[in-house]
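**Q** Provided herewith is a single structure, encoded as structure tokens, for subsequent inquiry.
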Amino acid sequence: MSEPIRVLVTGAAGQIAYSLLYSIGNGSVFGKDQPIILVLLDITPMMGVLDGVLMELQDCALPLLKDVIATDKEEVAFKDLDVAILVGSMPRREGMERKDLLKANVKIFKSQGAALDKYAKKSVKVIVVGNPANTNCLTASKSAPSIPKENFSCLTRLDHNRAKAQIALKLGVTANDVKNVIIWGNHSSTQYPDVNHAKVKLQGKEVGVYEALKDDNWLKGEFVTTVQQRGAAVIKARKLSSAMSAAKAICDHVRDIWFGTPEGEFVSMGVISDGNSYGVPDDLLYSFPVVIKNKTWKFVEGLPINDFSREKMDLTAKELTEEKETAFEFLSSA
């Protein structure tokens, strides 16, 4: 058995964490021979609920869980971390402006970034899920100057998986038969799900999705808006936000960081845009197609970008630039 790794999940009393913790504990993220010390952080009023989660994790009798620590203190939670999965954030309340949401979250992620900087290993991998995820991730990274900014990523894998699933459903294949969809930009309704470079396996042969579907209107219209607005559709139907699918996407994202991406396949994640070749301004936390090897991601280079894509990619970059500016006003005063 290897040495245990320390993995933090924040917002640990919430519903995404409730779907996520079992998968981390049973070895489906870090492998079946990797012992884990699982650290659960939430706010003080949630500690009662968190105790219940702790009891349930104990009752799962998972052989890989060496220890489970539930806390409301950042100095306990962030100590010596190998992986931090930041799920907790201030949710948007009825009638709340996006600006107010940003302000509340800048405070949280500035504090958690500083705690990472002070207490975590410098090699820590940080995955931000709490929305607005891209800007929260950038805030945390800026607040942890001693941790390489490449170690920070935000979740757009749920959007990526949603896009994959829509194509698979339309073609009557399984999601596994679809690869190399891309989510560009912000994890918001301006994100751009792009299947210009995606492939699908039909009767044992790999073909381009555009060629396979022969329905450009759907791909440029309804497909894009369905993926962009899927989160809202789930809330409308369930009266709760996506939890099972979000937890599954977090597992996919973290597993790929840990073990790398399969040969010939790329995935989407929000990463720092510095040095990209797609005309996205530097210093944004933007979702790109990446390949991962030895726990290090690289941009997928040289994909041709058509005018339709260019316009959509610029639009979501513009939104992220505005979010960043608003957040940074608060950051200096937070």
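Here the Cβ of each residue, glycine as well, is placed from N, Cα and C on the backbone.
Note that TrEMBL annotation is computational and uncurated.
Below are the features listed in TrEMBL for this protein:
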DOMAIN    6-152  domain 'Lactate/malate dehydrogenase N-terminal'
BINDING   ASP42, ASN105, VAL129, GLY130, ASN131  NAD(+) binding site
BINDING   ARG92, ARG98, ASN131, ARG162  substrate binding site
DOMAIN    156-330  domain 'Lactate/malate dehydrogenase C-terminal'
ACT_SITE  HIS187  active site, proton acceptor
**Q** If you measure the residue listed as 'active site, proton acceptor' to VAL129 (NAD(+) binding site) at Cα, how many Å is it?
**A** 10
**Q** Under 8 Å Cβ-Cβ from ASP42 (NAD(+) binding site), six or more apart in the same chain: what's there?
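**A** Listed in sequence order, they are THR10, GLY11, ALA12, ALA13, GLY14, VAL49, LEU50, ALA70, ASP72, GLY88.
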**Q** What is the maximum Cα to Cα distance, in Å and rounded to a whole number, among the residues ASP42, ASN105, VAL129, GLY130, ASN131 annotated as binding NAD(+)?
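**A** With ASP42, ASN105, VAL129, GLY130, ASN131 as the binding residues for NAD(+), the largest Cα distance is 16 Å.
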**Q** Let me check the 10 A CB neighbour count of ASN131 (NAD(+) binding site). How many other CB atoms are there?
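**A** Counting Cβ neighbours of ASN131 (NAD(+) binding site) within 10 Å gives 20.
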**Q** Which one is it: of the recorded positions ARG98, HIS187, which Cβ has the fewest other Cβ atoms within 10 Å in this structure?
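**A** Each of the recorded positions ARG98, HIS187 was scored by Cβ atoms within 10 Å; lowest is ARG98.
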**Q** To see if you understand the setup: which same-chain residues, six or more apart in sequence, place their Cβ under 8 Å from that of ARG92 (substrate binding site)?
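**A** Same-chain residues close to ARG92 (substrate binding site) (Cβ under 8 Å, separated by 6 or more) are ARG98, LEU101, ASN131.
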**Q** Between ARG162 (substrate binding site) and VAL129 (NAD(+) binding site), how far is it from one CA atom to the other, in Å?
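**A** Counting only the Cα atoms, the answer is 16 Å.
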